[in-house]
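Annotation comment: Swiss-Prot describes 1-19 as signal peptide. Per Swiss-Prot, the feature disulfide bond maps to 27-140, 42-47, 93-99. Summarising the annotation, Swiss-Prot assigns N-linked glycosylation site to 58 and lists experimental evidence as the type of evidence. What Swiss-Prot lists as N6-acetyllysine is 116, and the listing cites similarity to another entry.
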């Protein structure tokens, strides 16, 4: 039993060590304040994302409004043009947030960023936003990434 407890603690600490806070650009968080953005694994920036893999994204933010729902939209910005970047779950209420969202409460939004095999090797800026039920942004952040083979 003691071994299982030690093993569990080791795994939990290892997983938390993989979550890398990244430097991000706020691109218009109108009704929220971003506290931290983590991409795992991303030990250096720009994040090097490998085709065929999926990356964990965790955003800690404080809401400045109430909302019954939330929706995530992700784009890759290539030469100034936003290109939709599909994610597994666009419903923020199914991504670590318990809805309804309350004013002045801090939330942890969690999702995956899958990098498809057919994506080209390219440098791109990822823009990730989460909106409320009035289409106002709880958060919007951007980070540079490099898609690699």
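Any Cβ shown, glycine's included, is placed from N, Cα and C.
In this structure the alpha carbons, written CA, of residue 27 (disulfide bond) and residue 58 (N-linked glycosylation site) are 17 Å apart. Taking the Cα of residue 47 (disulfide bond) as the reference point, the closest of the recorded positions 99, 116, 140 is 116. The number of other Cβ atoms within 10 Å of the Cβ belonging to residue 116 (N6-acetyllysine), over all protein chains shown, comes to 12. By neighbour count, meaning other C-beta atoms within 10 Å, the densest spot among the disulfide-bonded residues 27, 42, 93, 99 is 42. Within the same chain, residues at least six positions away from residue 140 (disulfide bond) with a Cβ under 8 Å of its Cβ are 26, 27, 28, 29, 127, 128, 129, 130. When the recorded positions 42, 58, 93, 99 are compared by Cα distance to residue 116 (N6-acetyllysine), the shortest distance belongs to 42.
Among the recorded positions 58, 93, 99, the residue whose Cα lies closest in space to that of residue 42 (disulfide bond) is 58. A Cα-Cα distance of 14 Å separates the residue listed as 'N-linked glycosylation site' from residue 93 (disulfide bond). Look at residue 58 (N-linked glycosylation site): DSSP puts it in a strand.
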